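Database features, via TrEMBL:
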type: DOMAIN; residues: 294-473; note: domain '3-hydroxyacyl-CoA dehydrogenase NAD binding'
type: DOMAIN; residues: 476-580; note: domain '3-hydroxyacyl-CoA dehydrogenase C-terminal'
type: DOMAIN; residues: 617-705; note: domain '3-hydroxyacyl-CoA dehydrogenase C-terminal'
Amino acid sequence: MGAAAVAVIRLRNPPVNALSLTALQALEDGLKRADADPSVKAVMICGENGKFSAGADIRGFSSPKRHGIALGPIISLIEKSEKPVVAAIEGIALGGGLEVALGCHYRIAHVKARMGLPEVTIGLLPGAQGTQRLPRLIGVPAALDIITTGRHIPATEALKLGLVDEVVEENTVEAAIRLANKVIGQPLGPRRLSLKPVPKLPNMEAFLREALVKVKKQAHGCLAPELCFQAVKAATEQTFADGVRKEQELFNILLTSGQAQALQYAFFAERAVQKWTTPSGASWKSASPQPIHKAAVIGLGTMGRGIVTSLVKANIPVVALEQNLEYLNMGRKAVMLLLEREAMKMEQGAQTLRFHNPARLQFTVDFDVLQDVDLVIEAVFENMALKKEIFQKISRICKPGAFLCTNTSALNIDEIASATRCPQQVIGTHFFSPAHVMRLLEIIYGLHTSATAIATAMQLAKALKKVGVVVGNCFGFVGNRMMFPYVQQAVFLLEEGSRPEAIDQVLEDFGFKIGPFRMSDLAGLDVGWRSRKGQGLTGASLPPGTPARQRHGHRYSPLPDLLCENGRFGQKTGKGWYQYEKAGGRTAKPDPWLHNFLAQYRDTHHIKTRFIDQEEILERCLFPLMNEGFDILAEGIASGPEHLDVIYINGYGWPKHRGGPMFHASTIGLPRVLAKLQKYSEAHPDVPGLRPSAFLKKLVAMGNPPLKDWMSYLSRQSNKL
């Protein structure tokens, strides 16, 4: 019996062989032909161009009715085949792609292949019997981990788990044909996963109870992981057919949940922001990035350390600079510690991180080493005079083509650029703390920033595995500018009668990883205090006789300033809005001192304490944040609502299953957002952040159009503000 005894079915739908209706139809036809042909003794399924399949086409999910053929029945067809079917997995087998492989009787993977069921990340669950077959093959604990996290499994791990039968380093397709020939005539019963019992655990019930608690805790209000759990649990309690029915039922709940739409919107929004444009007409289409062979970071505080670590992890040689040896040595120790930790994490994934080589990472106080770098990131603390002094210095030392980046969270890029000889090379790169962990990079262009500089910064974001979002220059840019009214309202709510833990709880229940007061304690209250002193809002430069709760005719709360004057800077001092077990402690406990302090403060300022319900807390914090977003769009600071949403999901802990603040506003309905803002604005006429944005009013007047059409309602002139 020659090799011709094996029929080969190739999945072909470039670039990733997604299982489109045509691809499924072809797969079904191929199976039926092989089945009917007596000369065919076995079947081998593989993908075109070294990729098995990335699964169902995600764009198909958003259409309300999915017509035509379902994947599940085709997988049952594969499994029922009287002839052995072997999957040859190269590149990736994800989602429906892996479910197809699970329907096959044997699986061979290339050593570099990756497998996974990532449906959970877009708010769904594996809907083609994957939640029923996987636990039968590799057991409940491993299946639960893979299905509820959506993570990609390298081939070597898949072999250990028993997910594949063999891993090869050479030609996977040839190896699969060899295996197919070898197993012709062997009984297929034991290879059909739907017939296998789920491997028993001695303590299955206890295991499932604990697993559910863990899944719920990590889900932060996201439905999909919990329903994935329910589907796998069904496999342990029911027949295969009943389990499959349960899987379908849970899949349909998720499909209509609103969360799936939000997560898929977030998925596409992240791709959309890669295509940047600026009001002056520069865009991703016409600009190309310059290569970065060597980078430098100036300032080794918290931010600088994280940025150095990110660059080293991305294999970009780095020079790290500090102003004196004492700071340099402190910074070096901290960076080495971070890199050791990252290296340990990466070794578990069988990668190595080389950073002891001075050609890769060099620490120095000598600015002359900047002569040959392609890009400098300045990360000293937020002080305009200091930043200008550094930029003046580096623009003299660096070669003419070098890009000069500033990691600032609010300062004016144009003013910083004015200190240099080459303002077109200056760009803002706002990293988020901790910089080696957070995915967001806000990229801020100034009046003179070249398109090449923007393209290079976007390329850098990609190299660092971050999401770059291009935005215009204004105080606080996009993220922090929208954050100001949010935090401000949270503090006003305290003045009016709430408590930090009550407000944090409401926002964490909404899905934020951490509420505004816990966030403030973590970041350090002194950061904002320093900024407010710089703006003359508090401290020595405040004109005598200024009313305590007013600045420039607007409402102001001195509460955060008073806490700082009491030496309460948050976690670092062990006391802030909460108390901690010690300075540098992590566990926030409500502080009776603070409750007492708030009561006295209200007495002093004749504020009548009132009970504030959860709805008001949520709306007062979130609606002004969205409102600011509408102003940002109207001013042309960001080129679309997706940009704001990607920034909030990746930099500010906005719950991904709620799609971002602008998406959430469109879900609530703009008329409702407007009505509530008007109501709160009338109650607090001295708070500008509550006054509805003109652009929001216009969209409501235009009949509340869908989010994708918002920008078409902006007259183009207003973009040039």
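Backbone N, Cα and C define each Cβ position, glycine as well.
Just so you know, TrEMBL annotations never went through curation; they're auto-generated.
Taking H, G and I as helix, E and B as strand and the rest as coil, DSSP gives the domain '3-hydroxyacyl-CoA dehydrogenase C-terminal' (476-580) the counts 57 helix, 7 strand, 41 coil. Within the domain '3-hydroxyacyl-CoA dehydrogenase C-terminal' (617-705), the DSSP-based counts of helix, strand and coil residues read 65 helix, 0 strand, 24 coil. The predicted model assigns the domain '3-hydroxyacyl-CoA dehydrogenase NAD binding' (294-473) a mean pLDDT of 94.
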